[in-house]
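Peer 1: Dropping a structure here in C-alpha cells format, bear with me for questions.
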Amino acid sequence: MGVELCAKLGGGGLFTRLAKSWSKMEKGLNDCVSKSFIGRYFKLEARKSCFTKELRAATATFLTMAYIITVNATILSDSGGTCSIADCTTSLNQTASPDCMIKPNAGYQTCLSKVKGDLIVATVLSAMVGSIAMGILANLPLALAPAMGPNAYLAYNLVGFHGSRSISYQTALAIVLVEGCAFFAISAIGIRSKLANLIPRSVRLACAAGIGLFIAFVGLQVHQGVGLIGPDSSTLVTLTGCTNMNPKTGKCIGGELRSPKLWLSLVGFLITSYGLMKNVKGSMIYGILFVTLVSWFRGTSVTYFPNTPIGDTSHNYFKKVVDFRMIKSTAGALSFGNFNRSEVWVALATLFYVDVLAITGTMHTMAEIGGYANEQGGFEGEYLAYLVDAGSTIVGSTLGVSTVATYVESSAGLREGGRTGLTAVIIGLYFFISLFFIPLLSSVPPWAIGPSLVMVGVMMMKVVKDINWEDMKEAIPAFITMLLMPLTYSIANGIVAGIGLYVALSLYDYILGSIRWLIKMKRMVAKEQNQVSATAGVDSTIEII
C-alpha cells in the first residue's frame, strides 16, 4: 500500500498537479502586477522582467548584504560614538581617568551598548531610505547601505578606538555631511565620473585592495574581531587568541590560540567559506548566525551574556526579541566647531576621493553585470542614481552613520534576474522589517562579526589581477598604497602615498619629454635662422647685379 501511495504522489501525481497550479498562480500574479500601475511605472514588461523574478532578486541581494546591519554598527561603535569619560563609573569620591574608556568599565560599556543599538537602527534606516529612493527615482535594482571602508576609516582613523584620536565622533559625522553635500553637487553638475578618471588606474584598483586588507586586519584583532592578532612590544603585532589578556598592555596571560571564542569564530569562517565556494546565497549571514546562536547560551566560555551586571542587562534586553527602538544618541550628533584644523580637511578630501572612486566604479560595474549599460559607458537612470546615493550619504550622516553607497552585493540580485527598481524597493522593505528585531541584532558578538570582515577583505582583493604588475610605474604605487593602509592603520596614508609616488615616478617621463621638446624646438629655431640667413644672402646678390 505504501508503494502505491508513493506512486500516486510521484510521477504525474500530486506533485505535478501542485507544480502546474503554482505555475498558473505565478503567471496570473505576474500578469496582474505587470499590467498595474506598479508594473507600468517600473517598466516590468519593457525590461523583460516580472514581479516574482524581482522578488527573488531582492531576496538574494538582501540575504547577501544583511550582514552590514550588525557589522556596520559594530565597527562604528568601536569609535565610542557619543560616549565620553563622563559615562564612566567610578568609586565614591573619585574622578574618572581617560583610561576608563579603554579598560573595562561598566558605565562606559553600558553607554556603548546603547550607541550600538542606535547605530543598528541608523544603519537600517539609511539602507531602507537609500534603496527605496534608488528604486523609485532611478528605477534601478541597486541596494544601498553604509559602505565598508568609509565606516572603518571613520571609526579607526578619524575618531580612533573609543575616541583615542583627535577628531570627535560628532566632528567626523559633520565631515561626512559636508562630503556628502559636495558629492551631491558634483553629481548634479555632471562631473562625477570625470573626476574619477583623473586618478591613476593602478592607484584606483590598489585602493580597493588596500581597504580590503585594512578591514581584514581589523577583523583579526582582539577588540574588534576574532582575537587572532594582538599587540607586542618588540614586533608590534603578534599571534594571540588568548583565554585572558592584560587589560593595560593587551598581552596574553592564558596562552596563545587557547581562546574558545577564537575557535568558534574559525568555525563560522569555514561555514561562510564553504557557502561562498558553492555559491550559496546568504553565506555571510549563515556564518554570523551560527556563531551568534552558540554565543547566546549563558554559562559557557563563549557566551555573549556573562554573569555580570553588564551581561545581565544585555540579556534582559535580548529577551524582548521584538522591539521598536528610537535613535537617541547618534541622530543629529554633528559638530562643526573643529573645521579650522588641517586634519579635518584631509579627512574630508580622503572621504570625497574614496566616494568618487569606489561608488562611481561600483555603479558602472553593476550596469555591466545587469546588461543595461550603453555603448558610451553610461546607463539609463545614471544621473538620478548619482543624486540618490549622494543624497543618501547626507541622510545617513544626520542619523549617525558613515557614507552610504551602492553595494556590490546587488550583483546577486542582478544574477537572479532583477532589472527594475522594484527589486530595490523590496530590499528597502526587508530592511524596514529588520527595524522590529533590534534586540536580536544588537546582541551579535564581535567574534561573530570578525570572520565576515576577513571575508570582505578576501572579496575586495580580486581587483589586484587587473593591475599591470609588469609595469613598475603602475606596480610600485599600487603596492605601496595597499601596504601602507593596514600597516599605518590609515586609509588616507595609503591613498596619499600612492598618488604622490605615481606623480614622482611620472616626473621622469615629463622631464625627459620636456627636454626632448626643447631640443626639437632649438633645432627648428636653428633651421629657421639658417633659412633666413640663406634668403638674405640671395637678396644681396640680386641687388649687386
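Placed from the backbone N, Cα and C atoms, the Cβ positions cover glycine too.
Keep in mind that TrEMBL annotations are predicted by a computer and have not been checked by a curator.
The transmembrane segment annotation in TrEMBL covers 119-147, 167-191, 203-222, 344-363, 383-408, 420-441, 501-519.
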Peer 1: Sequence-remote contacts (6 or more beyond its ends) of the transmembrane segment (344-363), Cβ cut-off under 8 Å?
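Peer 2: Same-chain contacts beyond the flanks: 142, 147, 149-150, 153, 157-158, 167, 171-172, 175-176, 178-179, 182-183, 186, 192-193, 195-196, 199, 204, 207-208, 211, 338, 379, 382, 385-386, 389, 393, 403, 405-408, 491-492, 495.
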Peer 1: Report the listed stretch (167-191, 203-222, 383-408, 420-441, 501-519) having the maximum count of Cβ pairs within less than 8 Å of the transmembrane segment (119-147).
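Peer 2: Checked against 167-191, 203-222, 383-408, 420-441, 501-519; highest Cβ contact count belongs to 383-408.
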Peer 1: Residues sitting near the transmembrane segment (383-408): Cβ under 8 Å, six or more positions beyond its termini, same chain?
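Peer 2: Non-local partners: 61, 65, 68, 72, 76, 81, 118-119, 122-123, 125-127, 129-130, 133-134, 137-138, 140, 142-147, 150-151, 153-154, 173-174, 176-177, 179-181, 183-184, 187-188, 190, 192, 327, 329-334, 351, 354-355, 358-360, 362-363, 365-366, 459.
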Peer 1: Looking only at residues six or more beyond either end of the transmembrane segment (167-191), which have a C-beta under 8 A from one in the stretch?
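Peer 2: Here the qualifying positions are 79-82, 150, 154, 158-159, 330, 333-339, 343-344, 347-348, 351-352, 355-356, 383, 386-387, 390-391, 393-394, 396-398, 400, 402-403.
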